[in-house]
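TrEMBL lists B:429-439 with the feature compositional bias 'Polar residues'. Residues or ranges marked as region 'Disordered' by TrEMBL: B:414-439. Residues annotated as transmembrane segment in TrEMBL: B:12-35, B:81-101, B:121-146, B:167-189, B:209-228, B:257-279, B:299-319, B:339-357, B:363-383.
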Amino acid sequence: MTVTDVLVCALGAVSLGAAIRVVTTNQIVRAGLWLVVALGALAGVYLVLTAELLAWVQVLIYVGAVVVLMLFAVMLTRAPIGRSDDLDRPRLPAILVGGGAGLGLAAVLADAYRWSYIGLSGVEPGNAEALGREVFTGWALPFEVLSVLLLAALVGAIAISRPEVGERREES
Amino acid sequence: MSLDMFGHDPWWLILIKILVVFVFLIVSTILVIWFERRVVGRMQHRPGPNRHGPFGLLQSVADALKLALKEDIMPTLADKAVYFIAPIISAMCAITAWAVIPFGPEVSIFGHKTALQITDLPVAVLVVLACSGLGVYGIVLGGWASGSTYPLLGALRSAAQVISYEVALGLSIVAVFMLSGTMSTSGIVASQAENPAVNIFGLEFNVPGWYAILLFPSFVIFVISMVGETNRAPFDLPEAESELVGGFHTEYSSLKFAMFFLAEYINMFTVSAMCTTLFLGGWRAPWPISIWGAANTGFWPLLWFMGKLVLLMFFFVWLRGTMPRLRYDQFMRLGWKVLIPLNLVWILVVAGIRVSSEQEAGTAKTLIIGGVILLAVGVIFFYPRRKQYQAPAVADLGVGGFPVPPLDLKVPPSPRTKKIAASREATGVSASTTTEEEG
């Protein structure tokens, strides 16, 4: 085991543990904070694997913006300090669906990369130049499709949150 | 200058650098609080603190000691752990960002050649942005964990504000990345040293290398959004003292409060240092001084860097002394509807100019096509939708020359109230008709 292996395993364990706490904790804001820990540990994994740009973008966007927005939404509606007992949910179906999906994905990944080994020394570091070249040459179409998807989601969110658009349609 | 310079320092040199930067941040926080109070005092025709020490310099030291000796209050309703961690997150993120700020060129310290910068990364600017993005957790969690209404409102405002203005801030830096071709802070400083040649309509001339001049719109947007990002007046809505008592830190006292205070001032230094590095040539000497050959060698650049930093801090204080606080919706409108679209258009323009300058032929053609598109965008963007204000024919002189509201002032109802009233009347009418039919 090299230092890289140990770090990846440790960060992965932190990420997994924090992710489990996200769904088991009874305090809704604390769940958001555990999500921060999970995503941060994932950024650490990227950093260990020399994908610097990806790691910092992960911190910047997921930790710095997405989870803050989620906390914002939670606090805007209700954010009790301490336990909330009404966070109960039917446990068994959730465990079945979540565990099944997780195990299935893990099995597929483990099967795909079973004995393949890529040395870190031979890999080009994931800096901005390399990532940009990949995205805008090999992955240009998926990239554009994703951006159209996001744009559609954005327009949809605006349309839903503006009640007068629907009202006008009813009148005419 | 290249990234190869970094990562070869002996451990004691790294330790010295970190210690010096840390002490610099703490001491300059104390000095800047004094500076701000004195300057704001001057602007308001009063002397400001002038009792303790020469020019009142020791006032902030006395305040800091007093703050440390105050009682540390833990509100009963607080979420204890989060309440405790929040100021630590705030201060830690603020200080971490300084790891990649370049203070000067390569110098020799105790026989070791080393750069005046703790470290640098190929994505160093993103690290600073990430630190300021994480710093918002301190404010949001501090406000929430206090278990009180005003802090919670301050936290909510802060979350919305920092996210909105971080988008504008990040986009304004994109143009700098495009011109300099690097994201490392030392690389960006180095790329502003040369005077690039620009070819427009066959005329070729050298332009100054500072991105504040080359990318003026980006610079303006960065300056506006850096004030929004640091929660300073006129954008200090998270702690608007006339509305929210003290905002997110209302319930905090003693050293925890001091940490929030420290974080706020260090964040101001951070964005000022970023502004200097990205747009104002970093530690390089400004034009008249740069004629002197030795201006950019040895420890001299520290002086230019500090000079630019102090000027920007003065700008912050000047804003605070001059501008009234924005209303919340105006502030959000400025961020989302003005700064971000302008920024996107400007990035397109910069990209277009770069592509056209890389092609040998047809530069003029691309410029004309681009100009026409820009004009169309400008017309769409600034198309007047509002009714123009018409000045009244007879000037209102008021009572005895003083502008006072008339005694029979009637405020017209807002469109929303009108709509609600109309719907109520409609239901009322329908209800009355049904009763008549029954009767």
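Cβ atoms here come from the backbone N, Cα and C positions, even for glycine.
Curation does not apply to TrEMBL; its annotations are automatic.
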Paired segments the transmembrane segment (B:209-228) and the transmembrane segment (B:339-357) in contact, 3+ CB pairs under 8 A: yes
Same-chain residues near the transmembrane segment (B:339-357), Cβ under 8 Å, at least 6 residues beyond its ends: 165, 167-168, 171-172, 174-175, 178-179, 198-199, 215, 217-218, 221, 224-225, 363, 366-367, 370, 374, 377, 381
Residues from the same chain, set at least six apart from the ends of the transmembrane segment (B:299-319), whose C-beta lies under 8 A from its own: 32, 35-36, 39-40, 43, 103-105, 107, 116, 223, 227, 232-234, 268-269, 272-273, 275-276, 280, 282-286, 289
Recorded stretch that, among B:81-101, B:167-189, B:257-279, has the most CB pairs under 8 Å to the transmembrane segment (B:12-35): B:257-279
Spatial neighbours of the transmembrane segment (B:167-189) far in sequence, C-beta under 8 Å, 6+ residues away: 1-3, 5, 100-102, 115, 117, 120-126, 128-129, 211, 214-215, 218-219, 221-222, 224-226, 228-229, 277-279, 281-284, 335, 339-340, 343-344, 346-347, 350-351, 354
